[in-house]
Each structure stands twice: as C-alpha cells, then as structure tokens.
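Asker: Take a look at this one; I'll ask things after.
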Amino acid sequence: LPWVMDTSPVIISLLFPTQVIEKNVDPEWTLLTFLRKNWTLFTKYACGRGGCGACTVMVSKNDPVFKKIRHFSVTACLVPICSLYGAAVTTVEGIGSIKTRLHPVQERIAKSHGTQCGFCTPGMVMSMYTLLRNHPQPSEEQLMEALGGNLCRCTGYRPILESGRTFCVESSGCQQKGTGKCCLDRGENASSPLGGKNDICTKLFAKEEFQPLDPTQELVFPPELLRMAENPEKRTLTFYGERVTWISPGTLKDLLELKVKHPEAPLILGNTSLGPAMKSEGRFHPILLSPARISELTRVTETSEGLTIGAGCSLAQMKDVLAERISKLPEEKTQTYRALLKHLKSLAGPQIRNMASLGGHIISRHSYSDLNPILAVGSATLNLTSAEGTRQIPLNEYFLAGLASADLKPEEILESVHIPHSRKWEFVSAFRQAQCQQNALPHVNASMRVLFKEGTDSVEHLSIAYGGVGAATVSAHKRWDELMLDEACRLLLDEVSLPGSAPGGRVEFKRTLVVSFLFKFYLEVLQELKKLVKLVSDSRRHPDISDRFLSALEDFPVAIPQGVQTYQSVDPHQPPRDPVGRPIMHLSGLKHATGEAIFCDDIPVVDKELFMVLVTSSRAHAKIISIDFSEALKLPGVLDVVTAEDVPGTNGAEDDKLLAVDEVLCVGQVICAVVAETDVQAKRAVEMIKITYEDLEPAIFTIQDAVKHNSFLCPEKKLEQGNIEEAFEKVDQIVEGEVHVGGQEHFYMETQRVLVIPKTEDKELDIFVSTQDPAHVQKTVSSTLNIPINRITCHVKRVGGGFGGKVGRPAALGAIAAVGAIKTGRPIRLVLDREDDMLITGGRHPLFGKYKVGFMNSGRIKALDIECYINGGCTLDDSELVTEFLILKLENAYKIRNLRFRGRACMTNLPSNTAFRGFGFPQGTLVTESCITAVAAKCGLLPEKIREKNMYKTVDKTIYKQAFSPETLIRCWNECLDKSSFHSRRIQVEEFNKKNYWKKKGISIIPMKFSVGFAATSYHQAAALVHIYTDGSVLVTHGGNELGQGIHTKMLQVASRELKIPMSYMHICETSTATVPNTIATAASIGADVNGRAVQNACQILLKRLEPIIKKNPEGTWEDWIEAAFEQRISLSATGYFRGYKAFMDWDRGEGDPFPYYVYGAACSEVEIDCLTGAHKKIRTDIVMDACCSLNPAIDIGQIEGSFIQGMGLYTTEELKYSPEGVLYSRSPDEYKIPTITDVPEEFNVSLLPSSQTPLTIYSSKGLGESGMFLGSSVFFAIADAVAAVRTERDIAENFIVQSPATPEWVRMACADRFTDMIPRDDPKTFKPWSIPIA
C-alpha cells in the first residue's frame, strides 16, 4: 500500500455528506479513480482526458491571490489526488439527493427536460452549481461559458440552457413582454389557421413550481481547511506509490533544492498536459514535483512597465487578472492583454482553464498553444529561478523552437512571466481557427504586432508568430498599404514551411490561413490608424477600406440560443389523471441529476471480480505469425489471457470472428483479452503482449480502391421505375455530379461496458450490459459458450446513449467477457476506454454517390439515376440492410417519373461500420438534395422552387409501389415556410450578400419523408408483462430498452391511461430477458410504438378481468378492487403482445410495403460564413415535424432537437481521419468534434404539426427517434448556399462535387480568392499524405 512519511493526516478532502481524511493515496491515482473505486461515488467516467466534462466536480480552495475562497469546476479524470492537499471537493451527491433534498440546479435541469440518457447530467449539474456558487445570479454569457466544457450527445443542449437560464438575471429577452404576444410568433401571414390558436401550447415546464435558490443554504468551506490555509505547512510532504513518488515542497527554497536533486522530474500543477500524455503516449515519470503550495508562484505584481503573473496561476485566474487590468488601464496600454483575453475565452473548456497553469502552458510549448504566439510578439519575458539565482530570458521564437541556448536549464524553474504594456502607435491582434468555435484545438493561430513611427503610417517593426505552423518575423520598413501586404504575404509563405505530409494534414488550408490572418490584421490596423491619424493631422491619405470589406473585421460572437417549442395541448375533456399527450418529465430525470441513476459500470464491485482489457490488431490486413504473452502473465495481478482457443462454442461467424484466428482484417480487430485483478494491471499487461504479423495484400481503405479491386460485401441492390434511358433523351439539360459523405462516430457518452457474473450452478450467467438488444447479447453468449439460452439472463437498467452503436457491438463484447468468466470462474467487468471504443466499434457508413439528372428548363426533373457506394468495413454487420434502406429512402419527398437507384456495400480493411440513427437515410438523401441544388444552379432558379415543383402533390405510390398521401408533407413544408418567414428572409440574405464581400449568409429549407420501422413484420412484434400487487401497485415490464429516449416514461403513460390510475402507482424496474423473452432491438424509431401496443394489450386484459368487480362496487377505490380480485382468485398478472405492423419487401420485383408509416417534416436554417477563415455561425433554425398526437411532447421535441444537432454535427464538424495505413487518428473528444453548446443555432424553434391523425399507431402517435437527423442537412445546404453566393460573385466555375462535412477547411478553400491562389500547392505524387479520405 502507498504510505506517507509521517503520521499526520495529509490530504483533507471533503465529500459531502461525510468528511474524509485520507492518508493512503497513490500519486498515480486521479480524483476520479479515487471517487469511483474508494468511495463508490457515481461521478462518471467517459473520456479520461478532460475533453467531455462528464466527470466534473467542484474544488474549493482558499485563493492567496484574491484573498477569498475560490470555487472552481475541474474534470476529475485529470486531477491527481495528491494535488488536493488542503482542498475541499464537492461531488454531485454532495449537493442534493432524492433521499434528502434536491438542490435547485438538480431539480430544474430534470424538470426542464434537460436530461435524456442522463450520463452527462452530473457533470452539467456540477458546472452549473459551481457557477452559482461564484455568481448566484449569473448573466447568460457566464452560463454559456460555464457549460462550454461539457458535452451532451442526446439533448441538443437547448433544454439544459433553458434550465440554467431560470437562474439568470432577466435578460433583454422579448421586447413585447406584457402584451401577451411574442415577437417570435410572427409568421409571414400570422393569421394562418392552426385549428384555432387556443389549443397550441409553448410551455414544456412550469417555472412557478421551482424551489428558489438560497445561497445561504450552501455548504460552508471546512473551518479546518481555512486554518490550514491561514498558517500554511512549510515542510515538504512526500507520497510514495507503487511506481511514482510525489513530492510537494512547502517553500520555494525547498523546491529549488529538489530540482537540483531531480533535474528530470517535471513540475506538475493542473496535469492537463502531462495527464493526457501519460494516458495516450504512455509517458512515465518516477518522480513528480508539485509546486502547488508555493505562494511565490501565484503572485501577481504590477508596475508602470507591465504586469508580472506567477507561473503557478491558473489560466482562469490569469483571465480574471487581465480583465481587471483592461477595465482600468487606457486602451493603448492593453493591446497585448486584450489579445490574450480573447484567446483565453475560447481556449479549451472552463474546467481545463481552471486547472491548467500559465507556466505549464508556456513550458509545454505545444504547437497549438493559443497564448505563446501572443506572448512572443508581445515581448514577454520569462523570470527563471534556480538554487544558483535568477535570470530572465525572452519568450521568443528560439525559446518556442526549444533551442538549448534559449531554454531553461534542467535545474531551473519558471517563476513568473512579465508581459509589458503596449504603447501608443502599437497594435496587437490575435487570430485562431479551429474545427468549431469553442473547446477545440486550433488548426492555426496567430498573433501579430506592428509598431508605427509616431504620427505616421510607416512601419517601424512588424512581428508575427504562428501556432500550428511555425514562427515567422517580417521586418518591413514600409508604409501600411497593399504593397506592404503583398510583400509580407509572400515573405510569410516562404518562411512558414509546412511540408505536404505535415502531421494534422489540412496543409493547403493552413497555408491559406497564414495569409488570411495577415489580411485581417492589415484591415484591423488600417481601421485604427484612420482614427489615430485623423486626430494628429489630415495630410496623409490612407487606403480606404470599402464598406463591403468592413465585415471581415468582426469575429462571430457567442450568442445564447433562444427559441420557442410549440405543440398541441391535450383535449380539455381529457381527465386530469390521464398523462398521455402531456409533457411529463423523464422518469429518471431527478436521479440523473443527483447521480443516483445507476449505469452498468456504477454497479459496485462484485466479490472476486476481475477486469478485462482487449488486445487489438495494429495492422490493417495481416497474418498473425505468433502471439507471445509470457511477459504479460508474469506481471502482478494478471490472471490469464483469453484467446480464440478458449471459446467453448462458436467463435463468431465464419467471416466475422469474435477473437481473431490466424488473420486480422483491420486495425482495432480484437485478437485476445487480458484478465487481471484491476484495470491498471490489465492495461499494463496489454503493453507487454508481443504479436508478430506478416502483412497481406491488398489493404483496401477507400471506396475507390474497393471498386477497383471489386471488393464488395453483398450483391447490388436496385430499384427502378419508368424508362430512364428514354427520359434522358427528351430533357432540356443533364447534370452529373458526385457526393462524398464522411462517416460519423456514435460518441455515446457511456462507452461500451458489460459485467458478467457466473452463477455457481447449472452454468447460469447474469449479464449486466449497456445495449439496445439484450436478446441478441443473450443469443450470442449462448452460442459462444454452447449453453442453452435459458441459462443466461441479460439485464439492462438504462443505457448512456446508443444511437445504433449498441445494437450489434455489445453482443461480441459480452461474449468475449463471458468466455473470460467461464474460464476463470469469476465475474468479469469489461469497460472500453473512449480511445478503444472509437477504434473498435465502427460508426456510420461513409458514402460516395454519383448522380445523373435530366430536367426541363422550368426545373421539372424528368429522370434521375443515382449510384451509391458505402464503406462497410471488414465484415458484413448491418451493411446489406443499410444499403437496402438507403435505396428505399433515396427519393425523399420527390415524385420523379423515371428513376434508377443502385447501391453497393464495399468491403474494406477498416473496422466494420454498423447501425447509426437514420440508418443510411442521412447519407443517401444528401445525394438527392444535392441533385436538386445542382438543377437549381443550372436553371438559374432558387433551390426551394425546384423542391416545390418536384414534390409529391397528391395520393401516389413510391418507387417501391407503396401508396401514401403527401398531404401532411405539404402542410409541414408550407408551415415551415410561413413560420420561418422564409421568403422575406431570402431577400434579406441577398441584400446582406450584396453589401458584404468577406462575410456571406446562406439560407435553405429542406423537406423530409422519413419511413419508420424495420421492413419486416417479424421485427415489429413486441411483448409486455404487467403485474398488479395486492397493495394496488403495478409493475410494468416490456421489451424496450431505456436509451435516454424516454420509452419507460411513455410506457407508464400508456399503462396509466389504460388502467385509469395515476402514474405514481406504477414502476418499471429494468428490461430483462427473464421477464420478456425474444425481444427485438430498440431501434428504427419504433420502440415506443410496438411496446406501447403490448403494454396496452396487457392492461386491457387485466381491466377486463377486473370489470365484474368494478361493476359490483363502482364507488370503491382501486385498492378495494384489487383486494377483492385477489380474494376471488382472479389473476393479477398478464402478458401483453403485439403481433407487429405488416411490412415486407420483394427485392426481385422491386416492390412491397416495407414501412408501416412515414414521418414528415421540414427544416429551414440560416447561416453566416466568414470567407477568410471558413468559420460559420448558425443564425436560426425552424423545424416543423409531424408527430401526429404526441404521447409526450417534451420527450418528442427533445428527440427532434437532439437528432437535429447530431445531424448538424455529421454535416459540419464531425470528421474522422484515417492514416494511409488505416489507423483511425480521431479517437477522443480532442480530435473528434461533436457539437458543443455554442453550436446551437441562435434562434432554434421547433413545432409539432397540430391536428394530424394516423389510425395505425398507439393513440395516433409517431416514432420520432431518428427523423430529425437528416434535417441537420438544412445547415449544410445553407452553408453551401452562402459558398455559392461567394463563387457566383467571384465568377468561379460551378463545381458539382459535394463534400460533407462542411468543415472550416472545405468552406475556406471553396471561397477561392487571391489568398488561396497565392499559396504553394504540392504535387500529390511527391509526398505521403498524413490522412486519406475513405469516402
């Protein structure tokens, strides 16, 4: 066990409601490990590198700089436990619980419907709680900033913000308050008959019911910690762990002596740089020095020359110090400080800024550092100190390049940084461009400083520093004009050398940004010079900036999203106790918010439990020559290695093995698994396993390669109607184009996890697993172990997000864990790290589509031929089904007489791609909509006119001969046009684009016909089991799994209506294969539909049995009736069953009725792009969705918003990067960017189409889980619209190659201008690219 030199208590941490004094800690533990292992608290583990905020907790310390107690949010997965000496830690359990009392933050996030799967909720709650501890009435900007480091994959953020907004000071919201009207209600013809305005509701929760926030009731800072802080310990504290020693000196003198003794030991403060490096690169330091208790390192001093900030100050403290200086000093002195402050706002998330120190940031010298370039051009000095004495070195390009002559000596430490004031006639600016606006590492950042001869525009000194591409200095003694700009651009491009194979790729984009940033700086300075010189004299004329150029100066501001959600209120005659159609809160909402909702990995450690870690292939296509695990087995705690030979039954399918045998087909294929006492021991053992390979040819990664090698997973799927060849001969024009859609990672917040517990008798197994399809896990384990299915029980309490990624994958992982459990005879826990999850599990299929479209000059499309290829990866998985669905859904909302759709699934040496929300529709339909945009461009008409002209108008048959009525589709389209004031905004967009050269707006509206269901009747069956107990309480079980979509909540709403008793009488425990057997995956948007029918059936059977008793005693209570039924021996348990919707498809004839019904919708989005950087801002989105009669409008609107934001991610920021060897680079939230809170459109309105009916489904409701995904493409087409405006204005030829996602790189390079023409381009044959496009 780790031990401490002396006997006094060393770490005092507070975890409410109990106080903890910890003596035995291992320096390698993080706070998260400690909370989860030692204290079995439920702070969540999601990414392990501070990138997602799921593990956020609050740390409180006495701040020596500001002389007050500082509360700050941190990500527990990075905080070393030893760094918490003298700190109080508050976790989500500490602020409130459903057992005692809830904190207002917890209550409001749940009741505002801000939780779906609930895995990110404890982190969200703690970020918000910390904000309220510091600012009991925060501003909306502070709220946005506080949540900037927390990711959520389910909700789309709007309801989370809504809950936080209830604490904010009244903002300048609606100007028409008090009139009862809202400015957002104005449609173009506001009197549109919505079936009478009175039954339309916009309230999803009642604010009045919330308990008020009372800051006096918050937990106090522990008095003993205050005493410790007031007379601090001076002696050195040492913690000895198994491999690492942590030394925390009390004085600067001691630290400097230690640095002489251990010159190699790093100084560790926030662990935001060392932590991730130790996790992913396996860096290891036997001695760590912690300068946290040394007050000299956190001093801030100010002189007339400038500001000196201690190297131990966190970036958040630095931000506060700078903000305070800027408010007091004259503007000319604070140029550098303003530039630093601008970048500090977008650098990482608040949790990281709270932990990371200024010194650590500078010394790490990351190429992507946002502050170092500014400090370099701002002539900052580093104050170094060592046992020998002190010295100063400049923070310049030599220091940043790490030249020994300009660097620290091993025994020196950085004590503080001096940042001088700027002067009059000196201008400093900073720029950055990242994949998204916040919490993302920059592709390129820059800082620029220019000094003029006083009173003139002659440049005395110009210095420029870049991050991400290298440094450059330009000495130009010239006037500040276009000539100087051109020369400086050329010099820069010569000096900043970025080879074509540079890590990170995006080389031409980065080169373009180098000069684009300089142009922005040039304009900024010109603008300022004009003001200054006007004051001095009017003799020299400056080059004028035309008004059309001015917009280049402004960065996109972070705006807090606003919006309205409208739905049809329930019939006034509906009894109040009937919950159907009401916005009922998610059943587990409050437990999500207090952390008491138990997920698979929150189940406490079982007796004798072992931990399993998977060993994966590092080659894309190779023969396994040998596996040597002898070294691994010698390590302490390692019990065994599970290989294919240990499988008692079948090892997966012939072409899809659970554990590899002889050959690997992709990087990330599971070869074997290590079983050890702890996760740490198992992970260390994995490093020791030596596998030798012999590479095989060919290794295929891209769709183009697969087509060339004729490498396919299944036969071609094809649908045809009309005579396409003949039609092409009769049209006015023909356009051909291609569309490339990148893949998408599920990024469920809870990674794949399973716990297998072998029972002592009859080979029984209990499996607790995070899955959408427990029956599939059960069957796979049964065939793998060669045990009958009836011995295996799978339990699913709740799943932390699935999105299709937990349909097939958990079965393979469960089976591997089960083999380990049988082999060792002990329980096995398998929890994938985020990196492994992203590497192993595959995601959405990338797609390459080619189209040929024939049309008349009027815009009427007569013929359309589409050929799609999807990248299926190395095994079949769901690829054949995805291809079928893709082809069936390609026509979207359009009636085209002559069609031919063809689809193929390519076999490549990448991890197998699988089901993902929308199942082919979001990729395929992008091809169809791109055709429409191309036709519009060719005809010179607007895309919405082409869409309207070609949409289904009357009752008709689809390409597969299924009849339907498009009336609701047309209603959604018209309602969306009206609600979004589309036509007037289209004119405003065109006006804006005429007036602005460097910024452009785009707007688009997209219709949708989404088919729901599985295309096979047997997949639509469902069952339920309902028990009534003698006290009148009801237990409901059904075959659906709670993934965050609120299925359990909806099921109880159904049961409550059917049994005519309140929901409070009812309970759902879990989904288990022992209560409802042979279930179908909870997928295809149909879970609530079919399970609702089964629950309804069971309740109706029970009520029929109770009928005679109720007739006899109509005045009796429910409890009386149940008691009487028991006395009369009437069974109070019933199985409900639903045989399923009819659905079939005959592929030979190309016809069928594959889908029970359609969901219709339309979305309109408006964006603004920055043509110089490629950034974009989402201005407004309006969605109209046909939900018929929603079972629960709060849940359904949540599904629509969440899937829309997820779709928006697919089409804008989520980019998977593969190396030329087939290795996935983007394996963490650092490299893979899902939408954050700042990506939500500034105005985001969702309305459910009122008064529509469908007789088929339960209470006329519809399944809305997936349909919203594709509507995210309205943002993509709005960006494309803005880019098209740029290209038209600049006379650039039309380009019919569409690429998704529309990243800043794509947008910038599509807006060609003199800067993109200026950059050097490499011949692709001369270098090996860093990454390859696989679509």
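Using N, Cα and C of the backbone, Cβ positions are placed for all residues, glycine too.
No curator has checked TrEMBL annotations; they are predicted automatically.
Because the structure is a prediction, the values reported are computed rather than measured.
Sharing the features that TrEMBL gives for it:
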type     : residues                                                                               : note
DOMAIN   : 10-95                                                                                  : domain '2Fe-2S ferredoxin-type'
BINDING  : Cys47, Cys52, Cys55, Cys77                                                             : [2Fe-2S] cluster 1 binding site
BINDING  : Cys117, Cys120, Cys152, Cys154                                                         : [2Fe-2S] cluster 2 binding site
DOMAIN   : 239-424                                                                                : domain 'FAD-binding PCMH-type'
BINDING  : Leu267, Ile268, Leu269, Gly270, Asn271, Thr272, Ser273, Leu274, Asp370, Leu414, Arg432 : FAD binding site
BINDING  : Gln772, Phe803, Arg917, Ala1084                                                        : Mo-molybdopterin binding site
BINDING  : Phe919                                                                                 : substrate binding site
ACT_SITE : Glu1266                                                                                : active site, proton acceptor
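Give me the lay of the land around each of these features.
Answerer: When pLDDT is averaged over the domain '2Fe-2S ferredoxin-type' (10-95), the result is 84.
Counting only residues at least six positions away in the same chain, the Cβ atoms of Thr30, Leu31, Leu32, Tyr45, Cys47, Gly48, Arg49, Gly50, Cys55, Gly275 sit under 8 Å from the Cβ of Cys77 ([2Fe-2S] cluster 1 binding site).
In sequence order, Cys120, Met124, Ile160, Met749 make up the list of same-chain residues 6 or more apart from Cys152 ([2Fe-2S] cluster 2 binding site) whose Cβ falls under 8 Å from its Cβ.
The Cβ of Arg432 (FAD binding site) lies under 8 Å from the Cβ of His343, Ser346, Asp370, Pro442, Val444, Asn445, Ala446, Gly467, each on the same chain and at least six residues away in sequence.
The C-beta environment of Gln772 (Mo-molybdopterin binding site), restricted to residues of the same chain at least 6 apart in sequence and closer than 8 Å, consists of Val799, Gly802, Gly804, Lys806, Val807, Pro810, Asn1041, Leu1043, Ala1081, Thr1082, Ala1083.
Residue density at Phe919 (substrate binding site): 25 other Cβ atoms are found within 10 A of its Cβ, drawing on all protein chains shown.
If you draw a 10 Å sphere around the CB of Glu1266 (active site, proton acceptor), it holds 26 other CB atoms from the protein chains shown.
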Asker: What whole-number value in Å do you get for the largest C-alpha pair distance within Gln772, Phe803, Arg917, Ala1084, the residues recorded as binding Mo-molybdopterin?
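Answerer: Binding-site diameter by Cα atoms for Mo-molybdopterin: 12 Å.
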Asker: If you pair up every Cα among Leu267, Ile268, Leu269, Gly270, Asn271, Thr272, Ser273, Leu274, Asp370, Leu414, Arg432, the residues annotated as binding FAD, what's the maximum separation in angstrom, rounded to an integer?
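Answerer: Farthest-apart Cα atoms in Leu267, Ile268, Leu269, Gly270, Asn271, Thr272, Ser273, Leu274, Asp370, Leu414, Arg432 are separated by 29 Å.
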Asker: Taking the centroid of the Cβ atoms of Cys47, Cys52, Cys55, Cys77 ([2Fe-2S] cluster 1 site), which other same-chain residues have Cβ within 8 Å of it?
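Answerer: So the additional residues around the site are Leu32, Lys44, Tyr45, Ala46, Gly48, Arg49, Gly50, Gly51, Gly53, Ala54, Thr75, Ala76, Gly123, Arg834.
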Asker: Rank the binding-site residues Asn271, Ser273 by how many other Cβ atoms lie within 10 Å of each Cβ and give me the one with the fewest.
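Answerer: Each of the binding-site residues Asn271, Ser273 was scored by Cβ atoms within 10 Å; lowest is Ser273.
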Asker: Select the closest residue to Ala1084 (Mo-molybdopterin binding site) from the following recorded positions, measuring between CA atoms: Cys154, Asn271, Glu1266.
Answerer: Glu1266
Asker: Of all the recorded positions given, namely Cys154, Phe803, Arg917, Phe919, Glu1266, which is spatially nearest to Leu269 (FAD binding site) at the Cα level?
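Answerer: Nearest candidate: Cys154.
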Asker: CB neighbours of Arg917 (Mo-molybdopterin binding site) within 10 A?
Answerer: 26
Asker: For Cys117 ([2Fe-2S] cluster 2 binding site), which of the recorded positions Leu267, Asn271, Glu1266 has the nearest Cα in space?
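Answerer: It is Glu1266, whose Cα lies nearest.
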Asker: So if I measure Cβ to Cβ from Cys52 ([2Fe-2S] cluster 1 binding site) and keep only same-chain residues at least 6 apart in sequence, which ones fall under 8 Å?
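Answerer: Looking at Cβ-Cβ distances below 8 Å from Cys52 ([2Fe-2S] cluster 1 binding site), excluding near sequence neighbours, one finds Ala46, Cys120, Gly123, Asn150, Leu151, Met749, Pro1229.
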Asker: May I ask for the distance between Phe803 (Mo-molybdopterin binding site) and Cys154 ([2Fe-2S] cluster 2 binding site), taken between their Cα atoms and rounded to an integer number of Å?
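Answerer: Per the Cα atoms, Phe803 (Mo-molybdopterin binding site) and Cys154 ([2Fe-2S] cluster 2 binding site) stand 9 Å apart.
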Asker: How big is the gap, in Å, between the Cα of Ser273 (FAD binding site) and that of Cys154 ([2Fe-2S] cluster 2 binding site), rounded to a whole number?
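Answerer: If we compare the Cα positions of Ser273 (FAD binding site) and Cys154 ([2Fe-2S] cluster 2 binding site), the gap is 29 Å.
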Asker: Nearest to Arg917 (Mo-molybdopterin binding site) by Cα, among Cys154, Leu267, Asn271, Glu1266 (recorded positions)?
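Answerer: Nearest by Cα distance to Arg917 (Mo-molybdopterin binding site): Glu1266.
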